[in-house]
Amino acid sequence: MRGAFLAAAAAVAGTAMADVAHMRRHGHDSFHHNRAYQPEVPAEGDENCECTTKVITITGPPTLVPINTPAPEPSSSSSSEVPSVPSSESSVVTSEAVTTLHSTSTATVTVVTTPGVDATGAQTPTGGVPGTPEASSPAGTPEASTPAVPATSESPLPTPGVTSFSSTGIYTIPATTVTVRDTTTVCGATTTELPSGTHTFGGVTTVVSTATTVTCPVATVEPSGSTVTSKIYTTTYVCPSAGTYTIAPTTTYVPTSTVVVYPTPATITPGTYTQDEQTVTVTRTDFTYVCPFTGNDQPTSAPVASTSAVPVTTTAAPSTTSAVASSSASASSTATAVPTGVSGQQMGMTYSPYTNEGGCQSKDQVLKDVALIKQKGFTHVRVYSTDCNGLEYIGEAARENGLKMIIGVFISSTGISGAQEQVTAITKWAQWDLVTLVVVGNEAIQNGYTDASSLAGFISSCKSSFQASGYSGQVTTTEPINVWQQSGSALCGAVDILGANLHPFFNADVTPDQAGSFVRAQIKDLEAVCNKDVINLETGWPSAGNANGKAVPGTAQQAAAIKALVEEVGSQSVFFSYSNDLWKDAGEFDVERYWGCIDQFK
C-alpha cells in the first residue's frame, strides 16, 4: 500500500525519504479464499439485437472501397442496385497488398474493389473496430473473383455505417438507399472522442415530472474472442421522484485521447432511408467515422418518457442526476441521485468482500455496498482477487449500477503458481465489458513473493489467457514507487500502463493537506520510469493509529488528506479503502485496520 519516496523530492518542501523498512503491507494475503466458479445463468426472454463485427479480407492496390448494401428480403426493398449475395464471407481480389476491413452491420456486406483506381492520398480504410492492415508480397496481375457467401435471412436496415481509417488520406463512402416496411428496434452506432481521463457516455436520459416506472431499450456491447456483438435489452427502471435520470451509460478510463464507438438503441420505422455519398478527409490515424442514414423516418432512441442519447461527460463535472437501471435479467431497482462527492473527480474505490471477522460478505451486502460506491460519485470499483464470489457478486452489482471494474490476480506467499487458479476463474467469468484494467499482483515484489523478471513473464502469460477469452483492455501490476524505480527495466515491457500504490502517510514529513501534492509529484516521477501513463491504484489516509512524524492519523486528518488527493490526483486514483478492515493485523503505527474512507465522500 505504501511507497518509498526515493525520487528527488518535488512539490513538497523538506520531504524526507520514506523508510523502506516500513514497507510491510496491508496483509491482503492473510485472508484469500478461492471459491469454485459459479457461472451466471442468463435470464430468459431478454430481447436482443445482435450486430456482429464481420472481418472481410480484400486484396488490391490502395484504392477507394465502395460498400454496397445487400439486396433486401421480402420485408423491405432497396432503391439502389446492390450486389448479389455470394456464398462465402470474404470477397477476394488478387493484387499486390492485403488489407483487412472490419464492417459492423446487421446484414451480409459484399465489398468490391476496382484495381487501378487512382485516389490521391487515399488508403484502404478498415470498417467497424479499428484494425491494423496486414502487408503481403506482390501477388501478380489482379484478377477479379467473387467467392460465394452463405445467404442470410436478415433484411438490410439503415444502421449507421462505422468506418475506421488507419491512415490519413481522402476517402469516399458511396451513397445507399434502403426502404423499410416493418418497425423494429436495432443497434445504432455513435462515435465520440475522449481525452485522457475517466468519462461517462452513451445510455439514455429520461426526464420525469413525478415518480414513475420507465421501460425502454438499452444497447450494450458484449465481446467474445475477436467478435464484438452489440445487443439491445429491455430495461425496467424505477424513477423514485421527479428529475433527470441516466439509464445504462458507459463509464471508461482512457490513458490517451481515443475515439470510441458505442451502440445506441434506434427505432426504425417504415420509410425510405438514404445515406448520401460522403467524402472524408482524414488528418489523423485511427480515425473513426459514422455515416448515418437520413430520410422520411429518422431513427429515434428510447420509447418511454422524454428520452435521448447521453452526451459524453467527465467525472470532473457531473451535471445531471444520474442513475442506472438493471437489465431485464434482473428485477427493477430503485434509483437515487448520484452526489458529486468531494469534488466530483474521484475515479475508483477498492472493495474487499470480507466481514470484520474475516468471513465472506453476503451477496445482499455486496450489492448494497457497491451501490453506495456509485452513489458517492465513483466510476470504478477495484477488486483484488476472486475470493468470496467477488467477480460474480461485485460484477452483478457493478452492472446494475453502471460501474466499471478493475479486477486483480492476487499473488500471495504461495507465489505465481498459487495464483494460476484465479486466472482460470477470471477467464471463465469473462464479463469483459465491465473491465477496464486487470492488475496482476499487488505489491508482490515488495512483499518478496516473486521477483521482477518472473512477474513480468506471468503478466504476459495472463494477458495472453485473457485475450484468448475475449479481453482487449489493459493489463498491469502495482508496486510502490521504489520497486518501479529499481525494477522498471524488467517490468515496463510487460505492462500497458504503470500501476502504483502511492500512500503519502508513510512519508514522515507529509502532513494531511500535503497528501495530494506529494502523490502528484510521485506520479510525475513514475511517468519517466516506463514512459507510459500512470494509474494510482491505492491511495488514502488512516483514520486511527499512531503518528508517523508529521503524518498524523485521525478522522479530521483523513478528511483533509482525502480532499487534497481528490483535488490533485482524484481522476487517476483508486482510493483505499471502502471500509475499515478489522480482520487484519494492527501493523506498523497501528493503522492497517483503519483506512476505510467511503464516509469521507458526500
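Placed from the backbone N, Cα and C atoms, the Cβ positions cover glycine too.
Swiss-Prot lists 1-18 with the feature signal peptide.
Sequence annotations record features per position, and here Swiss-Prot assigns region 'Disordered' to 61-94 (among others).
According to Swiss-Prot, the feature compositional bias 'Low complexity' maps to 74-94.
Residues annotated as region 'Disordered' in Swiss-Prot: 116-166 (among others).
Per Swiss-Prot, the feature compositional bias 'Polar residues' maps to 152-166.
The active site, proton donor feature in Swiss-Prot is assigned to GLU443; the stated evidence is similarity to another entry. GLU443 (active site, proton donor) carries neither a helix nor a strand DSSP state and counts as coil.
Under the DSSP three-state reduction, GLU538 (active site, nucleophile) is assigned to strand. Among the features that Swiss-Prot reports, active site, nucleophile is placed at GLU538, with the record citing similarity to another entry.
Straight-line distance linking the Cα atoms of GLU443 (active site, proton donor) and GLU538 (active site, nucleophile), rounded to a whole number, equals 11 Å.
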